[in-house]
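Here the structure comes first, spelled out in structure tokens, and everything after it is commentary.
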Amino acid sequence: MKMIKVNEWQQEQERLDMVTEKLRSAIVEIEPEVVGLRDQVTDFRKRFWEEVSINTSTHEDFEEAFYSIRQQEALLSERERSHQQRMQRLKSMKRLLPSPYFGRIDFQEDGISFSEHIYIGVSSFVDVDGLSFLVYDWRTPIASMYYDYSPGASAYETPGGRVEGEMTLKRQYHIGDGQLKRVFDTSVTIGDELLQQVLAQGANSQMKSIVATIQKEQNAIIRNDKTRMLIVQGAAGSGKTSAALQRAAYLLYKHRDKLKADQIVLFSPNPMFNSYVSTVLPELGEENMQQTTIQEYLVYWLGSTLQLESPFEQIEYILTSSSSPECEARRSGIHYKASEVFLHALQQYAVWLGKEGMLFRGIHFQDRELIAAEEIQLQFYSYDNTIRLANRVALLQEWILKRLATLERKEQKAHWVQDELDYLDNEQYAEAYRELLKKYQQEEEVVLHMNEQLLDDYGQFLGKEQHEEHNVDFAMQEIEELLRKMIVSGHYKQLRNDVKRFKFIDVIGLYDQLFSDEAAYRNMTNETTVPEQWTEICKQTKEKLSRLELFYEDAAPFLCLKECVEGTRRNTNVRHVFVDEGQDYSPFQFYFLKQLFPRASMTVLGDFSQAIFPQATNLSEEDSPLIKLYGQDETNLIRLVRSYRSTREIVEFTKALLPSEEIVPFERSDQKPHLIKVSGSAERAERMIEHLAELRAEGFESIAVITKTAAESREAYELLNSQSSETLRLITKDTLTFEKGTMVIPAYLAKGVEFDAVLIYDASSHVYDRESERKLFYTACTRAMHRLLLYTTGEWTPFIQSLDPNLYEVEG
Ligand SMILES: Nc1ncnc2c1ncn2[C@@H]1O[C@H](COP(=O)(O)OP(=O)(O)OP(=O)(O)O)[C@@H](O)[C@H]1O
């Protein structure tokens, strides 16, 4: 890495001035056009109806009106489109103006005698000739060399094939307000210098775009577009989330003709994380993708019948539960229900249900049973059993609806209908009259001739009065018949809707039935072996279900069973699914996502060392269920080992907490983690408040006191808040936004985010003692960018006791 010569600096500043000037004049030119087009569109909308002639006297007049409206619509949408396009251009030029580019490569293609200067920025900017790229978008194929190569032989892929040549220069710029601040020529990877500067900055309440300093291995993730599944196993702070967001921006650019932002979904670990990453895409000039959590999805698909435990309630249970047989059983149940063995068992269960054991609910109306559950069951098993379960259910649904239609007709003669009829008021009679009138009108010739589309779109032009002039005289009997029909139909509507929503299937009963004794379970699932604590697992699951509640670990299996029976519900609009913190999803949940988004590719990013939920999936193991999801050939696995978030001292400390993990720190140095032993909670509060003040004075703006559980967070918050003048924020599972400042937060909610300094509230052996909590402790410590402080009142957790003392400083 070297600084450039003075005359080169001058040339660069001149070029920058030239580009800035061109941007300015392009903005000046296009701005009035955009305003003009916007006004035209508004005006057009206002005058829309003035321009069309509506005459509805004859069928021909109707048709003419219809086509005149269509024409106006086409004109309007054309104007809207050009307004949108110019608006986008204007926005992208305005975004470029303060810093039009951040990089340059000089590239001489093989067989060509000159080298091209390629300046790279967040979007492209083309000169007035429409041909010369003054700035290339970082996502263009040619710009990929900036991230992938050092000067020397280099190449890039284009849709037309591979282009090879020689990179003669690679330069980085730091530009602010149109002025060159720093310029570096680089010979190795990009930007150690620039990256140093970026990483030395403080944490932010929003994640930053890393477009200027994307590393080669991250670029591979961003541009990987070959397989259906991309798995990224990356160490803490290796830029997985950053790369994922850049990848979304890349996909939106590459497939801009067919991919829209709402066709990409990001599954985040919690709602607060959603707020943390929500600005990256807009910063890059793209609309935000859909952001959600798996919990939101599960709740949505489960509907309102069952109350679902949240993943945070589950983890709190795990962290605070004892070693009693009941707790052991729940833990074992969580593991089992997340496993592929259970998925397979469920599939076998569905096969068994094809032969026997389906549970139905009878159809009831008022206090009568219209169709008995047994009758439904009989009908179901009368279908050919080679037909798929869900298809047989569809046939059954049709059968029930037909039966209901017959019953509905008969019902019209029932006494209760006559009773209701007697109590109807004039308005209801009048409505029946209007209904009959409508029916009559529909039979009229003019309406019959009317094109269906016309009827849908412009039915309102029919003008009621016109027809009300007809003096139609309906017989009272006819009106009453209609009223009976209306009364019964009103009551049956709910029944029909329930049938359409498969309420005649007792899915809760079907799931409950699975948790019978071992012999029955083995019989239903084709000899699946069960965990040791099966009886207790069954008891707990059934008890929960009886209260119409569902453990978090049961949600995905329950939905899979529901889908086996009712047929799969799909979202075919979504083309790409991102799953961040993927290690915390069970194989079952991945299976569920695959089913739900059949047309989507998937990018799963995670770190098995941060697997804090018991249902974790090892993303990169050879026989990982994730690799099996789409198969080896459709799966690409990339590993990231370089960690960018924390200083070398923090990475070395945290890395040693794991048995064996390849993590390479980025060369950025600061203090070693500090271990502070205190005599009790009073001293702990005193020291922590002192440290918080010192950290603030040093300029750190984002500081977290990390605890193990929500209860410990509350305790810490109350203790510190009562004695400190600092404003503290208590983060709970319901917190929606991420803000700078000092906060108290349980480790499992701090997933994915980072802080300038982290204070581990209690790193004692009685808090982090189980081996299963090692990863949680590691996750908490790896949130720190610049400083890490740990406190204890007694013995240190065994994870620290076994560390080399050179890795930390001890404060008395
Ligand atoms: N190429 C890069 N240039 C600049 N900063 C980077 C780069 N890669 C990562 N970073 C920074 O490193 C930090 C960690 O990145 P990120 O949160 O994406 O990592 P992660 O792998 O998702 O972490 P974790 O698994 O621990 O949550 C962020 O501050 C990010 O801006």
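Placement of Cβ uses the backbone N, Cα and C atoms for every residue, glycine included.
A TrEMBL annotation is a machine prediction, not a hand-curated record.
Listed ranges 426-485, 606-665, 666-725; the one TrEMBL annotates as coiled coil is 426-485.
Same-chain residues with CB within 8 A of the center of the G234, A235, A236, G237, S238, G239, K240, T241 CB atoms, the ATP site residues themselves not counted, are D607, L640, S643, Y644, R645. In the three-state DSSP classification, A235 (ATP binding site) falls within coil. Within the same chain, residues at least six positions away from A235 (ATP binding site) with a Cβ under 8 Å of its Cβ are D607, S609, L640, V641, R642, S643, E661, E662, I663. Its own atom aside, the Cβ of A236 (ATP binding site) has 25 Cβ atoms within 10 angstroms in the protein chains shown.
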